[in-house]
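Visitor: Pasting the feature list from Swiss-Prot:
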| type | residues | note |
| --- | --- | --- |
| ACT_SITE | Asp69 | active site, proton acceptor |
| SITE | Tyr12 | site 'Important for substrate specificity' |
| SITE | Gln70 | site 'Important for substrate specificity' |
| SITE | Glu154 | site 'Important for substrate specificity' |
Amino acid sequence: MPSLLLASSSSYRRELLTRLRLPFTCKSPDIDESHRLDETAHDLVRRLALEKARALAGEYPHHLIIGSDQVAVLNGQILGKPHTFERALEQLTAASGTSVTFLTGLALLNSSTGEHQVDCVPFTVHMRELDQASIERYLHAEQPYDCAGSFKAEGLGVSLFRSTEGSDATSLIGLPLIRLVDMLIKEGVSVP
């Protein structure tokens, strides 16, 4: 079996991948993550997931390389990582009482053959009605400024949800394990 490489610096994705109990290493790819004109959110995450994997193929020529990328979409608009309290407050205020769809692009590249599998896994979060005081308490408690949509579903962010909808809850955290297992099996990897 080729070695596994996770093309990411995300501690969330690293933690998720450990659940499969397969040995892997991590390396952060250096790519331009800019959104192209006329590119849908679906196409964006698929492209970036594959570009992340391809960026490391030369350095890791005999690996199965996992790339992933995620965006949150609210009312047709892509929500990026907020980076600041003020931007996170804006995002959560806009999301209050509505639904946010997370699109997670996933790519598995066999760097020996160049063959790849790519998919996009959606997951929708239906948000509670949130007042400004609740949003501010949450932001001060968790500081989710590095997370698309301004919350951490794996932490206190779940308290902001009314319900969720999707086929793979791990996609919400950034690495859809159910779909990844399908891809790994197609590459001959035994899981479990």
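Any Cβ shown, glycine's included, is placed from N, Cα and C.
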Visitor: For Glu154 (site 'Important for substrate specificity'), which of the recorded positions Tyr12, Asp69, Gln70 has the nearest Cα in space?
Guide: Tyr12
Visitor: Secondary structure at Tyr12 (site 'Important for substrate specificity') (DSSP, helix/strand/coil)?
Guide: helix
Visitor: Near the Cβ of Tyr12 (site 'Important for substrate specificity'), how many other Cβ atoms are there if near means within 10 Å?
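Guide: Tyr12 (site 'Important for substrate specificity'): 18 neighbouring Cβ atoms within 10 Å.
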